[in-house]
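Engineer: Submitted below is the structure of interest, expressed as structure tokens.
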Amino acid sequence: MTRFLLTATALSALLTAMPAAAQEMRIGLQDDADILDPDQSRTFVGRIVYAGLCDKLVDLDGEANIIPMLATDWAYSDDGLELAMNLRDGVVFHDGTAFDAEAVVANITRSMTLEESRRKSELSSVASIAATGPMQVTFTLTAPDASLVAQLSDRAGMMISPTAAEEAGADFGQNPVCSGPFRFVERIQQDRIVLEKFEDYYDADRINIDRVTYLPIPDTTVRLANLRSGELDMIERLAAPDVASVSQDSGLTMQETVGLGYMAIYLNIGNGERSETPMGQDPRVRQAFSMAIDREALNQVVFEGTAVAGNQPFPPTSPWFNTDLPVPARDVEGARTLLAEAGIDRMPVEIQHANNPVVTQMMQVVQAMVAEAGFDVTLRATEFATLLSEQTAGNFQLSRSDWSGRPDPDGNLHQFVTCEGGINDPRYCNPEVDRLLNEARASTDPAVRKAAYDAAGVILNQDLPVIYLGHQTYIFALDDSVQGFQALPDGMIRLQDVTIAE
Amino acid sequence: MLIYIAKRLLIALPTLLIVSMLVFGLQHLLPGDPVLAMAGEERDPETLARIRASLNLDQPIPIQYLRWLGGVVQGDFGTSLRTGEPVSALIAQKLPVTIQLAVMAMIFAALIGIPTGIIAAVNKGSAVDWAANLVALSGLSIPNFWLGIMLILLVSVNLGWLPASGYESPFVDPWRSLQTMIMPAFVLGTGLAATLMRHTRSAMLGVMSADYIRTARAKGLTRREVILKHGFRNALLPVITLTALLFGELLAGAVLTEQIFTIPGFGKLIVDAVFNRDYAVVQGVVLCTAVGFLLMNLIADVLSVLLNPRMRAAL
């Protein structure tokens, strides 16, 4: 008996003394990230890597609400011209530099002033930032901006080590130093980005993965094949046609969530000569075009039912969706009547779109649908960089494009449809819409904002500088050994609480 | 011989200069603006102008070209617009990967193509010849991307024998490096194997009907000795020069194969750079590829001179 006890004690001591096997996670991404400097980067996948590498002032939860991260709480002043944030204690950057108010000031100042910074427009309402305590900062604004906190939930709010940023300057992206759960190990362009667990992370108890490798694999078939063969533990943006086979595979699991963005067609209304068509000049023609589209059928045919049909910049699941403007059913007769009112029997239309299979199929379905109402659509497939420059230059009649979305409604609307909007490629301009959207931006009262967005939505739904088609879903496929992952509406991969079963 | 090589190198210089001008000029004709791609969501006119100026893209194209050429002469190919890395470092990182792939593909091609070619020639008109030609024709007709995907599904997903994609340096993990490279090298090698097979076959046929083969046979040598010692040795000459030339073609073929198997080599580098309008990378890579082609041509010529006494005499 004594011997048994001794053996048992010795065995249990041995077992507890043995470290758990190192957990490695390999994640397949759709593209390669660009420069790994939150101030300079602009790709979606770059943001996925940052979710492991760089913590932000604030984060999003599953309902796209803004929650504390490096800032514990915040408040706007009564006139909306100041935003004060209290910061988390006991946080350090990967190089040992302490995180404090001075670090935040240095970060925001860098985002606003670095020549190569791409964050300037996101912080355009910030006049200055100051440390108003060792662990408190205050933003002074040029005008009230309710969307600022939401901007800080993305790259503008990512905190990098001021010491490393000072030393590296614009080359910071070659060796990024942040304060997230994982630290940078190496990057080989187009091959891999490797991060390892940061032992001094303030929330280290929730991090069970020791090492994470991100591998860009653009081909969806190959990405899924890698997951099936066990080379990867997880892939992002699973293609809709693969959903059925993944859900039947007992070795795999799926997580999906409706994204924050939208799929749309932009209509040239005032951007040069090509806007001078009935489509550009007569709202009735645009309405007819929109009415002839069956959005639910698009979702079923092209996305196997995984997307969400939509007619607004926010998905029907969003609290900002205007329920008085429900997603319309297809109405070919109504479309014909409107066209007849505009004095048109049949008219030619050209749509430019990105030359990938999903978008091409989607536009072919639209082409067939609107043909019944009287539109003879020519499709012009272009490669994405060209599409972007043609759209900016006004060399388009209709242009099919996506927006990945922002947590604050302002980010899905203001820049696209206000007269001076930075990405207003249709060059739509309506002073009333400007007034409403500026009012919504300036107020911190959700009820006031909702009323303004609803009112603007009604006007936009008549003028139609943008025809919204629907909202994509982010679908992740995982090996069934991966547990604890939750898909969030921004499509990022957060590794807090994720474990890999042995 | 050295004078011959020096002459050839001198002729290569103006070719390279013309290539560099063409690359530089033509890519500016591409639709799509690199500055727009770089600016991302911040597409206001001032930002665009600022980025354009910082990259010298506001200068006339001839000035941009001369500045770039000045850098290239000093070994500076500029920096990637997308990631900020020096282009020369990117090239140094990616080129060995593609060379490894190409060499392995060439080994596959030679191992399959040359013996099949000999066997087909020796058995001309027989069922073996017919079968070998059929295989060669399939090798030429099956697209690499289709074969690649099929192999991934069969070997990696269904059988689980090899990784579906990715890359590991042979200096870090030779075994894993071999595992990741076998499938892509095979896919890339099949098309070449077919070309090599057909050329070996016709070279062998030409040689086997020559007088000295008949003499060798008349002397009573074994069939094996006649084929390998007298026949194959002489048929080898055009095959070797062809192999050197095909090596250049392999680099081009690697573009698609690297895309399918996600191998971070030269081909993938240039495809991504073109899509992102990363001008500096495109210029650097195309120029390097041109140098590679010229070198392989030179090697092919030197080899044929070395192997063919008649040509050596003509120099």
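Glycine is no exception: its Cβ is also placed from the backbone N, Cα and C atoms.
Feature list, courtesy of TrEMBL:
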| type | residues | note |
| --- | --- | --- |
| TRANSMEM | B:9-30 | transmembrane segment |
| DOMAIN | B:95-304 | domain 'ABC transmembrane type-1' |
| TRANSMEM | B:99-122 | transmembrane segment |
| TRANSMEM | B:134-157 | transmembrane segment |
| TRANSMEM | B:177-196 | transmembrane segment |
| TRANSMEM | B:235-261 | transmembrane segment |
| TRANSMEM | B:281-307 | transmembrane segment |
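Walk me through where these features lie, including what they touch and how far apart they are.
Structural biologist: Taking Cβ pairs closer than 8 Å, the transmembrane segment (B:9-30) reaches residues 61, 64-65, 68-69, 72, 274, 277, 279, 282-283, 286-287, 290-291, 294, 298 in its own chain, all 6 or more past its ends.
Tertiary proximity for the transmembrane segment (B:99-122) is limited to same-chain residues at least six positions away from its ends with a CB under 8 Å from its CB atoms, namely 128-129, 132-133, 135-136, 170, 177, 181-182, 184-186, 188-190, 192-205, 208, 227, 232, 235, 239, 243, 246-247, 250-251, 253-254, 257-258, 263, 265.
Taking Cβ pairs closer than 8 Å, the transmembrane segment (B:281-307) reaches residues 1, 4-5, 8-9, 12, 15-16, 19-20, 23-24, 27, 68, 72, 77-78, 80-82, 87-88, 90-91, 95, 236-237, 240-242, 244-245, 247-248, 251-252, 266, 269-270, 273-274, 315 in its own chain, all 6 or more past its ends.
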Engineer: Determine which residues of the chain contact the transmembrane segment (B:235-261) at the Cβ level, with the cut-off under 8 Å and only residues 6 or more beyond its ends counted.
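Structural biologist: Non-local partners: 98, 101-102, 105-106, 109-110, 114, 117-118, 144-145, 148-149, 152, 164-166, 180, 183-184, 187-188, 191-192, 195-196, 199-200, 203-204, 206-207, 267-268, 270-271, 289, 292-293, 296-297, 299-301, 303-304, 307-308.
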